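Enquirer: My questions all concern the structure below.
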Amino acid sequence: MAGAEGDDSLYPIAVLIDELRNEDVQLRLNSIKKLSTIALALGVERTRTELLPFLTDTIYDEDEVLLALAEQLGSFTVLVGGPEYVHCLLPPLESLATVEETVVRDKAVESLRKISQEHSPVDLEVHFEPLVKRLACGDWFTSRTSACGLFSVCYPRVSSTVKAEIRQHFRTLCSDDTPMVRRAAASKLGEFAKVLELDYVKSDIIPLFTALASDEQDSVRLLAVEACVSIATLLPQEDLEALVMPTLRQAAEDKSWRVRYMVADKFSELQKAVGPEITKNDLVPAFQNLLKDCEAEVRAAAANKVKEFCENLPEDSRETIIMTHVLPCVKELVSDTNQHVKSALASVIMGLSTILGKDNTVEHLLPLFLAQLKDECPEVRLNIISNLDCVNEVIGIRQLSQSLLPAIVELAEDAKWRVRLAIIEYMPLLAGQLGVEFFDEKLNSLCMAWLVDHVYAIREAATCNLMKLVEKFGAEWAQNTIVPKVLSMSNDPNYLHRMTTLFCINALSEVCGQEITTKHMLPVVLKMASDQVANVRFNVAKCLQKIGPVLDSSALQAEVKPVLEILATDQDMDVKYFAQEAISVLTLA
Amino acid sequence: YIGAGGGANDVQWCFSQVKGAIDDDVAEADIISTVEFNHSGELLATGDKGGRVVIFQQDTENKSLPQCRSEYNVYSTFQSHEPEFDYLKSLEIEEKINKIRWLPQKNAAQFLLSTNDKTIKLWKISERDKRPEGYNLKEEDGRCRDSTTITTLRVPVFRPMDLMVEASPRRVFANAHTYHINSISVNSDNETYLSADDLRVNLWHLEITDRSFNIVDIKPANMEELTEVITAAEFHPHQCNTFVYSSSKGTIRMCDMRASALCDKHSKLFEEPEDPSNRSFFSEIISSISDVKFSHSGRYMMTRDYLSVKIWDLNMENRPVETYQVHEYLRSKLCSLYENDCIFDKFECCWNGNDSVVMTGSYNNFFRMLERTQRRDITLEASRESSKARQVLKPRRVCAGGKRKKDEISVDSLDFNKKILHTAWHPQENIIAVATTNNLYIFQEKVN
């Protein structure tokens, strides 16, 4: 290396190493994030013998530092000398896998899983598997929870004796004293089942699954529902009835609403996993019960799944099942007492029309849509309106337009600005569905009214909406319907409204094109340069900068440049600043 | 020795230690506001009005000597809460620690929740016995080294150092309570806990600070219709779905979180019909429950109201299975206790390790032990006078009226400024911690 006079190239690395123990967390974090640089400079040997032992002991640090460290170590294999030495990374990750912060532990486990793949089969048994055992038998539940995530990565690659030990450890953790560990085991049950031989799935996993699914803690039971999906996928159809269904039936009727909620939440996955026959016989009644559950959270979760559940029903009996079993429950939910249930339903109910076809939609669904469009809760109405496109494809939107309009108008004038904001966002979609005539007749005035809303967010959304409408209906429509109204606002006594004109021009100039911009918009902007309010004047400068690229060079030179030059000498410093910026951006200097 | 009044399983209690300043001038900030053993009993935490938490550790060196096993030494002291000001409501928020609850141990570190009126904090108490040594660009004492002379890189090394105990705040659970928090309780699922204020109970996840779920809300739409407030709440020690909350009207409601997300309908209501002959102006005030505690077994719960301790079997709602008078002699003094506000004192209560004895405080620095199977009780006193090492505590008696016998104390000479509100019992052993105003007394079973 270097001679006695020192080596300049070492200096930056020396700083990084020293900052590993700086008092400032941010500096420590920076250093940890550049750990690979440090390791590279130290070389593989010193990284193994000096850096890693140091890192193994740094577990007292802040969570964010530990998190970054856990992540770094996952891709450190090359830096310690390749797969041959990858086991050197185990001690620091092992200590990180026992800290109390879940995020850090999870990241350490993730890195351990990653580097497990870089272990040779021999190293896996000599180094990695003993670590898993140590964690699994640890005194504290933090280490035992971490172990749960590691079984599935080593199981496929070890000898059958070790496999038997791993299964035993997993069994033990499934009946751990602390609910934390049982939860961790339950959440990894499906993943572990996937790597097990089918016979062991039946002999080992099923009893564990049944036990966890009837755990005294509902926080454990609800995780078994998730495992149910993976286990059902692994088993042959003929075993499902005996091995999985009793547990699933029990979960769907669990005393705890949180478990039933989980069943409702995972319903589509469960449906796919158990197949069409069981769906018809078991899941349909279960789904009906969930839709009628006494707890609103459960009903809302089930309502969210209505469309997906119906879509995935076997084709031969789909319509019958929907009409006789699902739809009656859905009808009740439309007038549910809880608004979250109603709005969950409203967000998916329109999707049923494509499944049921035109006649059924008109006869059975349309009344429900109309009822929801009149719902007292704005969110319900919004959710219906935001999904209009599904219905449009099946029956055309005209069937709805009579009820749609009052609903839109009411939302457009809602006292809550967030509701108004939400409906504005659907305007371009509605305009596309309803067509230009209907729009001009009924909705145009609403769109213009939003431009003078007293909430800035609404005015801003309204300008953006205008731009999208012009994209849909074209420049000519813009010139005839909206541009005159926008420009007339430039004479409004309220300076906020005058500024809205400028914001609209910013948004519209490009979609309207050069001719309209030059002929109609530019003169108005230029006139506003002498506005008495400085905010308007500097927005003129910003506006000119924005529309400049749309204009031709003669208009820029002859009209824009003189005005900007005047503004550049304005007494207000912001006006000056933005005028100068516009001049330089448009290269008019 | 079989004392006339007997004692808990004929345990003789003797003095072990007293913590805190001796002088009579008590600084407000030093007043102890909560006492709590951790799950192993190895640590004992106190909170005070100054927002500090002091943690004592059982003396490990002498632990094998039975007569010394109750010696606790200061392990860590930290400022948990600071006084704050709510500018929106123009309210001062006191730093006083209302409750401390230990979390089950999850790794080598210890964790506890502490709360004042508004904000709950999760603290980590950890030990450090190594520190890194060795810099490249400076000496260990901070002097800079000439950076041009670096010829080789040094990686710092951890070296042993004197044990250091650190307390660091890990989570702050704020902005969820409009009223004053009176209770916190960790769930047996080890991942959630509840916090209760006068009108609401919230459920938190220990790792999530930005949201909590409201599980009980008794706030009437019109505050003028308010007739009762929540006074305490606790989770069942084993059933993660069950919790109870007590009210100022003397009732306890048990809720099942499995039934619905909002527990506004209780599953059980524990209430004893009022004895009409005892009704007075003070009936409602003295029936207000100041503390509720499940037994370790989970079969019973104990409630403390102003004059009594009641033990309820969870399977029987209409009356308590046991009722103990704590200081019945005060019934005739309620008028003056009302005038000096003592009637609003919130006495807490606790179970011993095997649920056979309960303990609660009283006035004049007296505290009471009530033995369940023998229906015997004893009154003891925490005082400087009997604070010689291993000195046996003599039972005290209060003369309720009539002729005062020798060694009895008359009701009129009780000092109502000396009150024991907070007590704690070691989860396994006969070691108790009793907080007088600003002193913490530790007593233990006499070992021969």
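Just so it is clear, glycine is given a Cβ too, placed from its N, Cα and C backbone atoms.
Where the annotation comes from TrEMBL, it is an automatic prediction and has not been curated.
Sharing the features that TrEMBL gives for it:
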- A:89-270: domain 'Phosphatase 2A Regulatory Subunit A helical' (DOMAIN)
- A:12-50: repeat 'HEAT' (REPEAT)
- A:89-127: repeat 'HEAT' (REPEAT)
- A:166-204: repeat 'HEAT' (REPEAT)
- A:205-243: repeat 'HEAT' (REPEAT)
- A:244-282: repeat 'HEAT' (REPEAT)
- A:283-320: repeat 'HEAT' (REPEAT)
- A:326-364: repeat 'HEAT' (REPEAT)
- A:365-403: repeat 'HEAT' (REPEAT)
- A:404-442: repeat 'HEAT' (REPEAT)
- A:482-520: repeat 'HEAT' (REPEAT)
- A:521-559: repeat 'HEAT' (REPEAT)
- A:560-589: repeat 'HEAT' (REPEAT)
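I would like each feature placed in context: is it buried or exposed, what are its neighbours, and how far apart are things?
Expert: Mapped onto DSSP helix, strand and coil, the repeat 'HEAT' (A:12-50) counts 33 helix, 0 strand, 6 coil.
Beyond the ends of the repeat 'HEAT' (A:89-127), by six or more residues, the same chain brings 52-53, 55-57, 59, 63, 66-67, 69-71, 73-77, 80, 83, 134-135, 138, 140, 142-143, 145-146, 149-150, 153-154, 157-159, 162 to within a C-beta distance below 8 angstroms of the stretch.
Using DSSP to sort the residues of the repeat 'HEAT' (A:166-204) gives these counts of helix, strand and coil: 33 helix, 0 strand, 6 coil.
Long-range Cβ contacts of the repeat 'HEAT' (A:205-243) within its own chain (Cβ-Cβ under 8 Å, at least 6 residues beyond either end) map to 170-171, 174-175, 179, 182-183, 185-187, 189-194, 196, 198, 250-251, 254, 256, 258-259, 261-263, 266, 269-270, 273-275, 277-278.
Residues of the repeat 'HEAT' (A:244-282) grouped by DSSP class, helix first, strand second and coil last, total 33 helix, 0 strand, 6 coil.
Within the same chain, residues 249, 252-253, 257, 260-261, 263-265, 267-268, 270-272, 274, 276, 326, 329-330, 332-333, 336-338, 340-341, 344-345, 347-349, 351-352, 355-356, 360 sit at least 6 positions outside the repeat 'HEAT' (A:283-320) and bring their C-beta atoms closer than 8 Å to a C-beta of that stretch.
Mean pLDDT, taken over the repeat 'HEAT' (A:326-364), works out to 93 on the 0 to 100 scale.
Counting only same-chain residues 6+ beyond the ends of the repeat 'HEAT' (A:365-403), those with a CB under 8 A from a CB of the stretch are 330-331, 334-335, 339, 342-343, 345-354, 356-358, 410-411, 414, 416, 419, 422-423, 426, 429-430, 433-434, 438.
Away from its own ends, the repeat 'HEAT' (A:404-442) comes close to residues 373-374, 378, 381-382, 384-386, 388-389, 392, 397, 449-450, 453, 455, 457-458, 461-462, 465, 468-469, 471-473, 477, 481 of its chain (Cβ-Cβ under 8 Å, at least six residues beyond either end).
Sequence-distant contacts of the repeat 'HEAT' (A:560-589) (same chain, at least 6 residues past either end, Cβ-Cβ under 8 Å): 522, 526, 529, 534, 537-538, 540-542, 544-545, 548, 551.
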